[in-house]
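Down below is the structure, laid out as structure tokens.
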Amino acid sequence: MCKTRILIIEDDATLSEQITQLLQARGFDTRHENDGHAGLHAALEENFDLVLLDIRLPSLNGLSLLHQLRQIKQTPVMMITASGAEQERIEGYRKGADDYLPKPFNFTEMMLRIDAILRRSKAMSNSGTQKSEILVDVLYLNRIQQVTKYHAKLLEFTPIQFKLLWMLVENKGETLSKAFLYHSVLNKPFSRYDRSLDMHLSRVRKKLVETGMPPERLATVHGQGYRFS
């Protein structure tokens, strides 16, 4: 069985060594590059399951690297940003990042975020063999027929709304970031000025609540994304 491969693009030698040791202890295969151009070359020439990408890199900054990578590959990317660098984080999402981790960070949180990204990536890559039905309590979804029922009552959703609900229900209990949902559901980069995802979610929640579902089951996690519980 092939090991999961993670590319670390980080110019802080101490931090990159700590991350490398932690990931290798978990059984991951890692490669480290400490500048942007070398990191981009590695990401394009080899196949990785995840890229951990620092924003402020020598020779080529992380945002430019991400932009160029996304022209060719859709490898999942977690940005590592300075604490409070909100504009960099937003720009990273717009360019196609899947998640971000602000410095300084807790290594336990880092591993949880990495595991979540890898689970979602694997689920999407295996979508051709995934289950066609989901039943959670009294909520039933059939992906092939695009059917949704709550308490056996048929609900009508647009294809985008159904895809959004399916993604959230399939990842029950997990907060899915807006950046991830923009890419996986709307097929476009995240933008804080674009309210289309919020509107789709609002309509989905409204229809479910009207049939008796408690509104808190489809929750907005402020500053992060959405979660079905």
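Each residue, glycine too, has its Cβ placed from N, Cα and C.
Nobody curates TrEMBL annotations by hand; they come from automatic prediction.
As given in TrEMBL:
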type: DNA_BIND; residues: 131-229; note: DNA-binding region
type: DOMAIN; residues: 5-118; note: domain 'Response regulatory'
type: DOMAIN; residues: 131-229; note: domain 'OmpR/PhoB-type'
type: MOD_RES; residues: Asp54; note: 4-aspartylphosphate
- request: Summarise the model confidence on the domain 'Response regulatory' (5-118) as a single mean pLDDT, whole number.
  value: 89
Field: the domain 'Response regulatory' (5-118), counted residue by residue under DSSP: helix, strand, coil
entry: 53 helix, 26 strand, 35 coil
Field: Composition by DSSP (helix, strand, coil) of residues within the domain 'OmpR/PhoB-type' (131-229)
entry: 39 helix, 25 strand, 35 coil
